[in-house]
Amino acid sequence: MTEPQTNRTSGAKIIDGKAFAADVRGQVAGHVQRLKDEHGITPGLAVVLVGEDPASEVYVSHKHKATVEVGMTSFEHKLPADTSEDDLFALIDKLNADPAVHGILCQFPVPDHLDERRTVARISPAKDVDGLSVTNAGLLSSGGEALVSCTPLGCLMLLRAEFDSLSGKDAVVIGRSNLFGKPMAQLLLGDNCTVTIAHSRTKDLADVCRRADILVAAVGRAEMVRGDWIKPGATVIDVGISRVPHPDKPGKTKLIGDVHFAEAVDVAGAITPVPGGVGPMTIACLLANTVTACCRAHGLDEPRGLTA
């Protein structure tokens, strides 16, 4: 994996997640071509969308485009909003059994009458390329062969490229969600960091953050992390995303993260911006997970640098 492209602003290095994600997608495309040339195998990703949520339709379109661009087969299944659980599960069972499908994801949210946890549990853990199942969470926590949730995996890739080694680094993850905080902490622990998970009940949160060589913020509270919370020279990964009124353009909005960027950039050694930092890594890692799942399904060596 090449080092993430960076830009200099004040004292901090700005980690260009968009450029890094493009590099990951390029590596995935190379692995896909080798699977085709050497083994006659084309990785396949199936995406299931229930209903007509506009944002979900945009996300599914982006995933389809990215899948095709790296040479994989994209299977799209769009179901009406009143689809029953039985019918949804019948489709998932069919995809689980299809040897041409190596990765399956159901785009969330689903309509209220469907249960997201039951839906994730129905997907074969070997094809759970979103890394959301309790099976993959358990494998990750026990050091097993898991498919890892895409956003934490993307953050780990950025951090590995930033440091020669993560071993011995003090890392603080703000946020304890099953989707991000917990798997992020497990990944950092797996790379021999000393990890603290902070959350809404953490006492003296700012003091806890000031000890971190690596600070990962994922709580969804706009600009909560101030510049004086950050250890000088620390690497800051901002996973939060909030839409707020634009200060200079009445009636317009802008995206900001959990970290007060203008303050943090003068203190941190390196930082991911919002937007353009962590976000682009998510779909790139979804593609990487699909290649990994394909290789595992066929008993082939996994692509180096694209897994945890």
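Using the three backbone atoms N, Cα and C, a Cβ is placed for every residue, glycine included.
Keep in mind that what you see is a predicted model, and the values were worked out from it rather than measured.
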For the NADP(+) site, Swiss-Prot lists Gly175, Arg176, Ser177, Ile241; sort out which one of Ser165, Ser167, Ser200 goes with them. Ser200
If you count Cβ atoms within 10 Å of each one, which of the binding-site residues Ser177, Ser200 comes out on top? Ser177
Three-state secondary structure, Ser200 (NADP(+) binding site) (per DSSP): coil
